[in-house]
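Written out below as structure tokens is the structure these notes cover.
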Amino acid sequence: MSRIQPDRLRDVFRRHAWRLLLSALLVLVTMLAGVGLLGLSGSFLTAAALAGVAGMGTGFNFFSPSAGIRALTFARIASRYGEKLIGHDATLRIARDLRVWFFRRALPLAPGRLSATRTGDLLARLMSDIGEVDGLSVRALAPLAALLGIWLAGIAAAALIYLPAAGLLLVLGVLIGGLVPWQVARGGAQREQLRAQQRTALRTQAFEGLEGAADLAAVDAQGAWLQQIDAAAAAAVDGDRIQRRRLITSNLLHALCGG
């Protein structure tokens with residue numbers, strides 16, 4: 001990178017660090033509220049059923065658990081709304097700053113140092129790379145940080161109640177959070193690279209065809225260009241279909257391990 005520009009890529013994210021941290025905290029609050037809601041509602045239903053069987057329904061306290069369930073429900077709704085609002089606000093701000101950051105460095109390189117790169121290829125790289133980076137915090141980092149926090153909180157709570165249960169949660173967390181993703185992701189880097197190449201080829205063909213539409217019309221080559229577009233689109237669709245199958249397999253493995 002050029003030494004003329006003092007700011008670095010990490011500075012783009014550092015400017016919005018508090019938004020990212022607040023978004024991750026709200027994700028954690030949402031998950032904790034969901035766990036508390038599930039536990040409280042389950043215990044409430046069980047206790048109410050036992051009280052009815054034992055003939056103590058008239059003396060059973062329905063109000064405190066009901067109030068707790070309502071409070072957790074509203075807390076979950078509010079935290080979910082805040083997480084979506086703040087998280088997507090941070091994503092849009094990061095996307096804006098990333099584009100400014102990129103063009104500040106790309107413009108001094110043009111046209112000499114970028115002449116070897118096809119225009120459509122450069123545009124496809126720009127769109128895909130920035131699109132992957134700017135949504136990283138909302139799609140991956142914040143949920144993973146929240147999952148780690150709720151896992152540690154669950155282990156701590158289980159250790160206070162029954163120590164072997166904490167060990168079981170620790171082992172299950174390592175299996176679900178480590179080994180299963182590793183098993184699913186084996187060879188994933190090569191497949192993702194192939195998908196990126198397929199999408200890049202499609203965008204390059206489309207952009208260069210539109211840019212050179214007059215030349216294609218002059219030599220009557222629109223049909224050949226459309227065939228290339230169809231082939232590139234079919235390859236991209238096949239890659240996306242394989243990716244969806246991998247995601248479904250991953251979710252099923254996580255569900256089986258979690259169950």
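Cβ atoms are placed via backbone N, Cα and C, with glycine included.
Positions annotated as domain 'ABC transmembrane type-1' by TrEMBL: 26-259.
Annotated transmembrane segment per TrEMBL: 20-38 (among others), in sequence order.
According to TrEMBL, the transmembrane segment annotation covers 44-63 (among others). Using a Cβ-Cβ cut-off under 8 Å and counting only residues 6 or more beyond its ends in the same chain, the transmembrane segment (44-63) has close neighbours at 69.
As annotated by TrEMBL, transmembrane segment applies to 140-162 (among others).
Residues annotated as transmembrane segment in TrEMBL: 168-185 (among others).
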| Going along the chain, which residues at least six beyond the ends of the transmembrane segment (20-38) come within the CB cut-off of under 8 Å? | 13, 69, 72-73, 75-76, 79-80, 82-83, 86-87, 90, 137-138, 141-143, 145-147, 149-150, 153-154
